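If you check TrEMBL, you get these features:
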- 6-31: transmembrane segment (TRANSMEM)
- 64-82: transmembrane segment (TRANSMEM)
- 88-108: transmembrane segment (TRANSMEM)
- 120-145: transmembrane segment (TRANSMEM)
- 165-185: transmembrane segment (TRANSMEM)
- 206-225: transmembrane segment (TRANSMEM)
- 237-257: transmembrane segment (TRANSMEM)
- 264-282: transmembrane segment (TRANSMEM)
- 302-329: transmembrane segment (TRANSMEM)
Amino acid sequence: MTEAVFLLGVLWIGLTLYTVFAGADFGAGIWHLATRRRGRRLDPALERELLEHTIGPVWEANHVWLIFVITLFWTIFPPAFGPFAATLYIPLTIVALGVIARGAAYAFRKATERGWQFKAYGLAFGISSVLTPFVLGTIAGGLASGRVPPVIGSGAIISSWINPTSLFCGLLAVGCCAYLAAVYLTRDAERAGETDLAEAFRRRSVGTGIAVGVVALAGLAVLRADAPGLLHGITHRGLPIVILSLLCGVASIVLVARRRYLPARATAAATVATLLWGWGAAQYPVLLYPDLTVDRAAASPVVLHAVLGVVAASSVLLIPSLIWLFFMFQRAEEPASR
């Protein structure tokens, strides 16, 4: 294994952690938006309180992984990062604005007790929670379908991320976020003693999980028509991992249906993580189609050695800190109103 391949694995681990943790964070925002519907049997204020309490440990921490992935990408694979950023600068800008708008709306809403501003900030938080993962999915779809050429300035800045594969990936990303959040929230609601909320999120988990599975299967037809190379990789090199993702998805739905919420969290996260690794396996060793591979795009050995040292040193500080963060929040007392 070369240093470039090893660092690619580290980058993909960071992307996986961002997908799982930020996915749950975005998903909580999606369900937060759903609390605005009229005629709900559940108390919207109580539901929003649970949502806001649950996303606490991942609210800021997930951006660590996003910065980590972007920094590693441009440092270890600069010939790939340049065309990537040049071709997809529009969706990347939308994602940045979505993250900023989401954070600002959440903060301002917490400081506003009532009135139209309170509702407006809540709406902005919910909409950006849907828009941001959708656009992230379109970026992934553009990369996976080979629409980012390895030459700066040669990519189509619109059709590279607005195309059938990208739209499918965007929809799948939103569904996965909603699914992850619903599964996580069942456990938190149960732990808080909110039986009605736990049952509501149990039903949402099962329904969303089935819907995501249907979308994923239907997407095979989209890939067959729009990205046959990607479909070939998924059904060959990436097939074992995709099958594992399917099994984890079925297991998580069964566990949630049987009210086994704690193990369901692990299988739900594994479902999304293995889906991401299935894509990676399908495309490896190509970073940008048609022929920019990992070895060709790698930075000089001096840079790779330096990055390896920095990653090793930072891991000693970062990983224990994050573990402690989640440990403290899992042991934290529930909101005072409970």
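Backbone N, Cα and C define each Cβ position, glycine as well.
All annotation found in TrEMBL is predicted automatically rather than curated by experts.
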Exercise. Ranking 88-108, 120-145, 302-329 by Cβ pairs under 8 Å to the transmembrane segment (64-82), which is first?
Worked result: 302-329
Problem set entry | Closest-packing stretch to the transmembrane segment (237-257), where packing means Cβ pairs under 8 Å, from 6-31, 120-145, 165-185, 264-282, 302-329 | 264-282
For this session: Decide whether the stretches the transmembrane segment (165-185) and the transmembrane segment (302-329) have at least 3 CB pairs under 8 angstroms, with pairs required to be 6 or more apart in sequence.
Result: no
Exercise. For the transmembrane segment (264-282), which recorded stretch in the set 6-31, 120-145, 302-329 gives the largest number of Cβ pairs separated by under 8 Å?
Worked result: 6-31
For this session: Using a Cβ cut-off of under 8 Å, list the residues of the same chain at least 6 residues beyond the transmembrane segment (302-329) that approach it.
Result: 3-4, 6-7, 10, 56-57, 61, 64, 72, 75-76
